[in-house]
Every structure is written in C-alpha cells, then in structure tokens.
C-alpha cells in the first residue's frame, strides 16, 4: 500500500468502524441484531420447509413467498456475521475485494427482493382481476423465468457499480469506512478522485430497479382495489382484500424503510451519522425478520400448517 500526496493507492484492506458515534455501545446493539437474525433464519426456514412439504402450497403466491424467503436469508447472512465480528470481536478489517463482493451481494439481493415483490403484486392482480386465466398465465415455467429474470436483472445492473470502483478509483483519502457493512456510497466517498460517474450510476440503478418496481406495484394494487370495490358481494370483497393485506404490509415495510434510508444517506446532511447507519442496518434486517411473521399471521394456509407442525410436536 503506497501513499502519494496524502492519498492511499489501491488499499488492499479497508476498516469498517461499525456505527460511528456509538462504538462504546456496539456490543449491546449487536445483541438485538443477533436476535433479529436468528428469528429471521428460523422464520424463513420454517416457511420454506412448510411450502416444500405441503403440496397444496405449490401455487404461484407461495412459490414467490419461498423465493422471498431464500432472498431474505441470503441478504441478512451477507451482513450479520461480519457486523457481529465488528461489534463483539473487534474484527473491523476486510479485504478490499471482499468488501466489493459483499457490496455487490447486498445490493443484488435487495434488487432481487424488489423484483419478487413486483412479481407477487402482478400475481395478485391476475388472480383477482382475471381469475379464470390465472392458472394458464402463472405456470411453473413462467415462475422459473421470473426467478431467473429478476436475478439476472439485479446481478447485471449492480455489477458495474463494482467495476466502476475497481477500475476508476485508484486513490483513496482513507481506508476507514464509516459503516457497519460495505455499502456503495460509503466506499465511493473514500476516493480522492472524481466520483460523479459512480454517484450517477448508483442513482440510475436505484431508480431503474426500485423506481420501476414501485410504479408497477402501485398500479397493480390500484387496479386490484378498483376491482375489489366493484365486487357485488361484501364477503367476496373482504376475501379478495384479505389476500392482499400481507403483500401490502411487506411492500410498505420494504420500500418505506428503503427510501428513508436512501434519502437520509444522500441528502440528510444534518442528521447524525449513527442515524444513517442504524437506518441502513434496519433496512436490511427488519424485512427478513417481519416477512415470515406477516405472512404467517395473515395467510390462513400457512398459519394452519404452522400450528399443525407445533401441535404434532406437543402431542408426541
């Protein structure tokens, strides 16, 4: 690692400091974060086991939910082990290339989750607005294509963020990252060179993926609500609306946390740094924690299957 004019040329190692301003209490912050991670792993794993073992749940809505569960497990696993290493064992160092790889994984899984939420909204739109064609449209072949499509979209659009950092940014003012994981802008801001291209492309990816998904998810639910409110029978309206409640809760939880974290990180100059970092951490940890709980509570088939599993254990 060489220095030139006070800058560091291509540092091999970066240092993640965790939550700036809260270093003295990071050990205690790690306890609820670890609990959230364990609950998220257990909840999503249980959801996957139930969907796999119950043939009646091999329908598009539940298969999308299984995709969401896998993504949530992968996303939280990308950050928690290293974060707890910083908080509990004072292991802040990370190889530069490993940091870029973690950044790519995190943003890729975030984008995949957004794509799955869009697919779930479209599935509910067809199921409610055109129920007779639902089975013929959402075939297992289409579900596979959607899964591959959202994964490739995320991986290919996020990859240039990694490439632009690796190829364009050679000189860094510091190797200390004021974050608890490798986030795109947190790494880019370390550079001593012009970072406009990196910032513009980061915004382009955010608005291309999240902006596109939010627009079509919102349109889907507007059309769903119009159809539901036009149903003649009150029971039919309640049943149709109830199938969407869990999806709406997960949609709001994911995007509200995401946008609040996104805009405070870029434009909240008067907000203390630890607020930025805590919001970023919660944005990645809360959805994997809440998603299986929301779907377990609001979806009768899953709720019945979970109670059946635990009652059978009690009786044995």
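Placed from the backbone N, Cα and C atoms, the Cβ positions cover glycine too.
Under the heading domain 'G-protein coupled receptors family 1 profile', TrEMBL lists 43-295.
Annotation comment: TrEMBL describes 27-50 (among others) as transmembrane segment.
Per TrEMBL, transmembrane segment is recorded for 62-89 (among others).
Remote same-chain partners of the transmembrane segment (101-122), defined as residues 6 or more beyond its termini with a Cβ less than 8 Å from a stretch Cβ, comprise 61, 64-65, 67-68, 71-72, 74-75, 78-79, 82, 94, 146, 149-151, 153-155, 157-159, 161-162, 181-184, 187, 205, 209-210, 213, 216-217, 220-221, 247, 250-251, 254, 258, 284, 287. The feature transmembrane segment is assigned by TrEMBL to 101-122 (among others).
Under the heading transmembrane segment, TrEMBL lists 142-165 (among others).
Here the transmembrane segment (200-228) has Cβ contacts under 8 Å with residues 107, 111, 114-115, 117-118, 121-122, 124-125, 128-129, 153-154, 157-158, 160-161, 164, 184-185, 188, 237, 240-241, 244, 248, 251, 255, 258, 262 of the same chain, all six or more residues outside its ends. The transmembrane segment annotation in TrEMBL covers 200-228 (among others).
Among the features that TrEMBL reports, transmembrane segment is placed at 240-262 (among others).
Residues or ranges marked as transmembrane segment by TrEMBL: 274-297 (among others).
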### Task
Output the single range from 62-89, 142-165, 240-262, 274-297 maximising the number of Cβ pairs under 8 Å to the transmembrane segment (27-50).
62-89
### Message
Between the transmembrane segment (62-89) and the transmembrane segment (274-297), are there three or more CB pairs that fall under 8 A, provided the residues in each pair are separated by 6 or more in sequence?
### Response
yes
